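Below is one structure, written out as structure tokens; comments come after it.
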Amino acid sequence: MEESFVCQWSDIRSLLSILQWWAFNVTVIIVNKWIFQKLDFKFPLSVSCVHFICSAIGGYVVIKVLKLKPLITVDPEDRWRRIFPMSFVFCINIVLGNVSLRYIPVSFMQTIKSFTPATTVVLQWLVWRKYFDWRIWASLVPIVGGILLTSVTELSFNMLGFCAALFGCLATSTKTILAESLLHGYKFDSINTVYYMAPFATMILALPALLLEGNGILEWFGTHPYPWSALIIIFSSGVLAFCLNFSIFYVIHSTTAVTFNVAGNLKVAVAVLVSWLIFRNPISYLNSVGCAVTLVGCTFYGYVRHMLSQQPAVPGTPRTPRTPRTPRSKMELLPLVNDKLEDKV
């Protein structure tokens, strides 16, 4: 009886962790889109900078003040030699995500972001000459096909937004691959990742944001009917983006690798549905089919990776390399870098 109760509580805790992860993730995406579209604050660099500032402050408070998470010590030399390059790629990834969100609907942007597994595999094969089982390549076919169908049939297509989202996939893949080498030996969780990378990202982005968007923000501030209320929403999005890191950490420790993969793809579907209900962007039948095919392909890709990781190694046969997107164990689910985005945008 006691064993049954423990199992039931474990299932409930897993479900709650997934729901709160979905809630934070979808809220961050929707609020960012609201900022660009409804508040007419069309400055993605500044929005990204606000997120980095809030995350840097939040990471310091959680680790240094509240001591809710132990600090993972990093050598000062490694901070510049390892953390700084990762922070640069991390910064580019977040900025490109916000730029794409500025120009294209959430549904289209989220579908394109699902292209990340394909870009990761291709980059590892081209640059690092890593071997991949033929089933991995086969599992990428529906992802690529779904992306192509979605792109061709997108009614609100914008080339700049499309390119930003596509290059964002490449940045995410680069970040994933670099993390395996640059951060080797450090078991970062999402909070420590933010603690170390957010200050560097703020330093990298602050000057470009000021030079490229400073005058536009001053003009917006003078013409917007309720600038202070809008600023509260903008900074609230930064706080929510930091809270998303807590939700990622919680769901990682409450679910299995397979559940995490499936929940991640269903999260995209939830974000697409909620964004459509709020913004009512036009979606054609073929466009929705392309999005569905892409998400099914991502789920199938994760399943194939998981099944291959469970197979014993055959002597003389190269093994399919692991990536953080399809971990073998819950410990490997700990993000080396802050995803959104595909988790955080």
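A Cβ is built for glycine as well, from the same backbone N, Cα and C atoms used for every other residue.
Residues or ranges marked as transmembrane segment by TrEMBL: 12-31, 43-63, 83-104, 134-153, 159-182, 194-211, 231-251, 258-279, 285-304. Taken from TrEMBL, the feature domain 'Sugar phosphate transporter' covers 15-301.
Here the transmembrane segment (258-279) does not lie next to the transmembrane segment (83-104) in space: the count of CB pairs under 8 Å, restricted to residues six or more apart, is fewer than 3.
The average pLDDT computed for the domain 'Sugar phosphate transporter' (15-301) is 90. Among the stretches 12-31, 43-63, 134-153, 194-211, 231-251, the one making the largest number of Cβ pairs under 8 Å with the transmembrane segment (285-304) is 134-153.
By the Cβ criterion (distance under 8 Å, sequence gap of 6 or more), the transmembrane segment (159-182) is counted as touching the transmembrane segment (83-104), at least 3 such pairs being found. Pairs of Cβ atoms less than 8 Å apart link the transmembrane segment (43-63) most often to 194-211, out of 12-31, 83-104, 134-153, 194-211, 231-251. With a cut-off of 8 Å between Cβ atoms, the residues of this chain six or more beyond the transmembrane segment (231-251) that come close are 17-18, 20-21, 23-25, 27-28, 31-32, 34-35, 39, 41, 47, 50-51, 53-55, 58-59, 189-191, 193-194, 260, 263, 335, 338-340, 343-344. Sequence-distant contacts of the transmembrane segment (134-153) (same chain, at least 6 residues past either end, Cβ-Cβ under 8 Å): 108, 111-112, 114-115, 117-118, 121, 162, 284, 286-287, 289-298, 300-301, 303-305, 308, 320. Tertiary proximity for the transmembrane segment (12-31) is limited to same-chain residues at least six positions away from its ends with a CB under 8 Å from its CB atoms, namely 101, 106, 110, 233, 236-237, 240-241, 243-244, 247-248, 250-251, 253-255, 259, 263, 266-267, 270-271, 274-275, 278, 340-341, 343-345.
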